[in-house]
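**Q** Pasting the relevant annotations from TrEMBL:
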type    : residues                                    : note
BINDING : 126, 179, 180, 181, 182, 183, 184, 185, 258 : (6S)-NADPHX binding site
BINDING : 229-233, 248-257                            : ATP binding site
DOMAIN  : 14-355                                      : domain 'YjeF C-terminal'
REGION  : 284-304                                     : region 'Disordered'
Ligand SMILES: NC(=O)C1=CN([C@@H]2O[C@H](COP(=O)(O)OP(=O)(O)OC[C@H]3O[C@@H](n4cnc5c(N)ncnc54)[C@H](O)[C@@H]3O)[C@@H](O)[C@H]2O)[C@@H](O)CC1
Ligand SMILES: Nc1ncnc2c1ncn2[C@@H]1O[C@H](COP(=O)(O)OP(=O)(O)OP(=O)(O)O)[C@@H](O)[C@H]1O
Ligand SMILES: [Mg+2]
């Protein structure tokens, strides 16, 4: 039995639609137009996660990749790559005078003042759990939402939502990327019952059963898009779901989720450029917003009609997942059990070319 919510469009058609959302390489574009992405994360404990995320956004093809991190993490992240712009503006208990009486919105000021220059945010990689930091980031989330800036929430960023789901409830411009453990925490906070492996293995469609909880969680959050990572990734906005099941690698080293969030950051920036009509996609205008699976599927399968924002959000999430899994497959093929997160970084561009390819009109040679 096929789930009533799952899009059944073939991967080939979906990749063709993703390509429509990718800005072509044109001489007329100036620096920044192909995407300004910022990762908010990086603390004394974790410097790899924000680096892997930001470098993935850069390697996928955004023009500018920023990391907004805690003071002590900044020189380390800068040392990994001169390509990233690293700003030590994320406050923590160590950097404020009196951690017990802070003005979080004031402390968030330097980050908030950067928002108008950014197309998308990735909030959470290596953020840590410092109380001051999490309060400040909650203020940034509120402000980004009020300005309709799209963002990805991952890792410790999801903890903020677990504690205060209203921060994102009903926001249609974000993607949550929980792993199994993070999904369980979110589900518990919102009173969703997650099926055990034994329940899932019983009669009926396994994929539908597995994705049921993702759909329920998305509905409990008012239609927020969730990308539930696992043996296959389930993407749902509560009404429509897409499964990403292209082959990944077999090594589960830490940090692969960071390639995912960085890729999503760039996909969200490109999606914004697509909706802003930065280039002529050659498609006819479409004034209606897809409301359900049938509408989404019709937009995905129609030739020459622009996609609406709910369709492009699902598609951007699906594309980020497919690129990451392909990176992991290729890196695993090359490195076997020695594979590390940094091996995925080198595979981002080859994976993009293999799965999506340059859009029509792109000038890749001079
Ligand atoms: N190189 C780095 O700097 C890295 C930093 N990371 C950061 O580390 C922090 C904590 O992230 P964690 O993911 O460890 O979160 P948690 O601290 O919540 O730990 C989750 C735990 O669950 C376990 N787990 C994962 N998948 C599971 C599954 N399918 N079934 C059962 N157990 C499972 C993991 O081994 C891990 O110990 C975050 O800030 C994150 O961004 C990670 O992204 C890994 C790489
Ligand atoms: N069992 C699996 N089989 C195939 N791919 C998987 C499996 N589990 C996770 N993945 C893939 O690995 C990537 C990262 O997912 P994972 O569950 O490891 O996230 P994470 O724990 O948040 O990672 P990180 O260590 O970066 O925090 C995703 O693209 C996901 O599709
Ligand atoms: Mg993670």
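Heads up, the Cβ atoms here are built off N, Cα and C, so glycines get one too.
Note that TrEMBL annotation is computational and uncurated.
Give me the local environment of each listed feature.
**A** Counting every protein chain shown, the number of other Cβ atoms lying within 10 Å of the Cβ of residue 184 ((6S)-NADPHX binding site) is 14.
On its own chain, residue 231 (ATP binding site) has no residue at least 6 apart in sequence with a Cβ closer than 8 Å to its own Cβ.
Proximity of distant same-chain residues to the region 'Disordered' (284-304), defined by a Cβ-Cβ separation under 8 Å and at least 6 residues beyond the stretch ends, is recorded for 4-9, 13-14, 17, 239-241, 310-311, 314-315.
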**Q** Rounded to the nearest angstrom, how far is the Cα of residue 180 ((6S)-NADPHX binding site) from the Cα of residue 229 (ATP binding site)?
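**A** Approximately 7 Å lies between the Cα of residue 229 (ATP binding site) and that of residue 180 ((6S)-NADPHX binding site).
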**Q** In Å, rounded, how far does the Cα of residue 184 ((6S)-NADPHX binding site) sit from the Cα of residue 249 (ATP binding site)?
**A** 24
**Q** Report the binding-site residues (126, 180, 184, 233, 253, 255) that meet this criterion: Cβ distance to the nearest atom of ligand 1 under 6 Å. Use sequence order and write none if nothing qualifies.
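**A** Checking each Cβ against ligand 1, the ones under 6 Å are 126, 180, 255.
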**Q** Would you report the average pLDDT that the model assigns to the domain 'YjeF C-terminal' (14-355)?
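**A** Taking every residue of the domain 'YjeF C-terminal' (14-355) together, the mean pLDDT is 95.
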